[in-house]
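The repeat 'ANK 1' annotation in Swiss-Prot covers 104-133. The feature repeat 'ANK 2' is assigned by Swiss-Prot to 134-163. Sequence annotations record features per position, and here Swiss-Prot assigns repeat 'ANK 3' to 165-193. Residues annotated as repeat 'ANK 4' in Swiss-Prot: 194-223. Look at Swiss-Prot and you will find 224-253 tagged as repeat 'ANK 5'. Swiss-Prot lists 254-283 with the feature repeat 'ANK 6'. Among the features that Swiss-Prot reports, repeat 'ANK 7' is placed at 284-313. The repeat 'ANK 8' annotation in Swiss-Prot covers 315-343. The repeat 'ANK 9' annotation in Swiss-Prot covers 344-373.
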């Protein structure tokens, strides 16, 4: 005989959990039943009507259906335990335990109902489900998923759409659901909540229509040092940046945050737009070069310089960082522009060697860098940091230099050396005939 008590279980759309595919009727655990732990494999989970809305979304498990659950209590092999959500030491076996969540080795599944349907929500509430459990989780879940019928019904029976720090409003902004935002505004939601959280987050996520609606409703674009436009630029949302500029945002706010972060993240079109706006205002943005160099974006470096940034900014900081981080293309570009590669006592070579950037080391030496600078710093630190390819290369160059230094002061050896060079050149030329 089965229990007359009705329990409930929420399943995902595939009705699978821990590898088990749920079906109508009896479901039997194929593996060993787990007597201990919480939210672990080794059992079928279910709850009573009152607590069912606790599990709409649980531990990353997104609910789609709710199933009626009955228990085969007359089966001698049936096992049921209370799952100890908070008290990990409490675990007892029983036939009809108190509590809000249980685990069994066998369950019988009845009707399957879609959670997105208003009739399903009404049915569960009639069965005893608490519609405001967990800080009005049900209405927050309905807002997040755009279930307007369910929202209206819940508001009619007293649910609080602003509960849990306006979570419903926040999730709407995050998802970019413009229709839901319009609905919430009609219902009296405060768009200025939490220092204009809404427009800042909408700009961050690039939700153009949401930002536009909030602007039309009077959101403060200047909040927290022009944070909306700074976040839009930082995340590459070109259209949102243009929109906010049209509403009067200060694009240079917070020490040129917008162009520096857009440059760092490689958003070419945003950088170009902001650079032009800053030029119109006579505002320099040389420091954006540093941001671009940190991530090695040559295209952004070129764009900034072509639009007025000074590549010699802060004692050629871009060149020094490019050497330090191994950005060979930027190093070459800086040299073409006229950078003295020996600046600051051959800083570029010293740090390229220290960090193991062989291509940069080779390029710098080819163009006149001094491997002996600062008491053979490059050689010492290449060895110290186990960059043996760089160390070997530098030692070979050092040996060649020592040979040249030696023969330079010996006339006989110098003459012999030049004869060897001339003879080698003749042989090569003869072979090429």
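Just so you know, the numbers here start at 1 and follow the chain as drawn.
Glycine is no exception: its Cβ is also placed from the backbone N, Cα and C atoms.
Keep in mind that what you see is a predicted model, and the values were worked out from it rather than measured.
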- Task: For the repeat 'ANK 1' (104-133), find every same-chain residue at least 6 residues outside the stretch whose CB is under 8 Å from a CB in it, and list them.
- Result: 2, 6, 8-10, 22-29, 33, 43-44, 46, 48-54, 56, 63-72, 75, 77-81, 139, 145, 147, 149-150, 153-154, 157-160, 163
- Express the predicted model's confidence over the repeat 'ANK 6' (254-283) as a mean pLDDT, rounded to an integer. 98
- Message: Let's see if you can do this one: DSSP helix, strand and coil counts over the repeat 'ANK 8' (315-343), in that order.
- Response: 22 helix, 0 strand, 7 coil
